[in-house]
Amino acid sequence: MDRISNLPNEIICHIVSFLSAKEAAFASVLSKRWQNLFTIVQKLEFDDSVKNQGSLMDFVNGVLALPVTTRISKFSLRFDSFLKRKLETGLVIGPHVVNRCLCNVLKRGVLDLKLEIYGEDGYLLPSEVFTCKTIVDLKLTSCIFAESYVIDVIPENAFLPGLESLFLKSIWFSDLRGCAFQTLLSACPVLKTLTIYDVQWEKWKWSRTVSSATLERLIIQRTEFTYFNGSDFKSITFDTPSLTYLKYIDFVPEEYPVVNLDSIVEAKLHLILTGNQDYPVRYLGREDDPITSNPTNLIKGLRNVEILHLSTATAQMLCFFPRETLPEFVNLHHLTIGPTYYECFNWRLLPILLKKTPNLKTLMIKGPLHLYYRDFNDDEEEEEPEYYCECSSGCNCLLSCHMEVLEISHYRGTTKELEKLKHFLGKLSCLEHVKLGVWASSDKEKLSITTDLLMLPRASVNCKIQINFS
């Protein structure tokens, strides 16, 4: 008997996990003992972007050659383009070859299925993917600039009873007879996490509804903001009563008819208004650029949130709607605004937010307290318009605020920033900890900034200032 056969079963199974499908198939016929150990293959993966990976056909044949009793826990396939493969190798490897392999894998109790199909030549998933009873984690990835992954039909018997996590990247849904997207969600009775990356709603044909009674985490992230055509971007409904986490990066549609986010705990928002629904608003309020987006219902639907992250664009957006738009966030204890590297935070919003957050404990500003920008045609730094960076001297709500932690990530020690910080420290009587990320070019500047900060009067005797120089 060889040395490997003397190893414990656990170690042999670990070795097996590093074999290709073809090697696993060959190894399974070495002996009855090895064949029994091959009843479960932990992971099979093919990535044609990796050199010396071997051919896709060999991989497929290896999968098909596995004993019928072999189970596969995790299956991953990354394939660039059927057309490209034909041009490079002369082999005709069509979608039917990949789908034959997939259908075989789906019969082997697969738990984790990851498919990355890139290219411009189109690809349709086999319907068996949507009736697999064992999948727990499903990831489907395509290319944002091509219709290479379109789901236009979900079978009537679609049912994924074990699916807990669904990841969709650059996937389009197009069903002229109904809504393939909602049909898919309805087929997932225990779905907990949904990620929609590289989303382009305006290219979908769907009911404009995200509905799931079990969903707990939802990530919607648009990555392409340049070629936006919002002519058919009218509304989005969120009916997710169990949702606790929301990350939402996108343009704002004309309306949110229904928003059910009663269980929300944490939300991260980067939302951009549009004018005439065809391009981002850059000069809000102009008569020739009317605002057609309306986030009112969405913001009101977040009233139970405990941790809220607002991008600068989102915070600025809220300034263009009546104060009544903001509900009272009675559960909110942590508020983050920013980053503010390229956009300025409209400070007029802060008093409004503080009045609406009676139980706020932590305020984090990812950026400076006062913004300067550089005109690329000039070497001088200039201040932003005063209405953006007006000081908080009139912010009487600070006197009744129970904030305990204030964090500023890009403090520079300028006169305007020092003045603004003075108002915070002089009025926040419950403040315990101030964290400042400070940029300084010399030891002399560090000493000057530190001295100025330590000299500031504080309403709270327990307030400590932590300075982190970079």
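Positions of Cβ are set from backbone N, Cα and C atoms, glycine also.
Marked as domain 'F-box' by Swiss-Prot on the basis of sequence analysis: 1-53.
Feature annotation from Swiss-Prot assigns repeat 'LRR 1' to 114-142. Per-residue pLDDT, averaged along the repeat 'LRR 1' (114-142), amounts to 87 for this model.
According to Swiss-Prot, the repeat 'LRR 2' annotation covers 143-170.
The repeat 'LRR 3' annotation in Swiss-Prot covers 173-198. For the repeat 'LRR 3' (173-198), the DSSP counts in helix, strand and coil order read 7 helix, 7 strand, 12 coil.
What Swiss-Prot records for 225-250 is repeat 'LRR 4'. When Cβ-Cβ distances below 8 Å are used as the criterion, the repeat 'LRR 4' (225-250) is approached by residues 199, 201-202, 208-219, 256-272, 274, 277-280, 298, 301-302 of the same chain, each at least six residues removed from its ends.
What Swiss-Prot lists as repeat 'LRR 5' is 287-312. Packing against the repeat 'LRR 5' (287-312) from elsewhere in the chain are residues 238, 246, 251-271, 273-277, 281, 318, 320-321, 325-340, 343-345, 367: each is 6 or more residues past its ends and has a CB under 8 Å from a CB in it.
Look at Swiss-Prot and you will find 342-367 tagged as repeat 'LRR 6'. Per DSSP, the secondary structure of the repeat 'LRR 6' (342-367) breaks down as 7 helix, 4 strand, 15 coil.
Note on the repeat 'LRR 3' (173-198): residues 130, 144, 150-154, 158-167, 204-207, 209-212, 214-224 of its chain, located 6 or more positions outside it, place their CB under 8 angstroms from a CB of the stretch. According to DSSP, the secondary structure content of the repeat 'LRR 5' (287-312) in residues is 7 helix, 5 strand, 14 coil.
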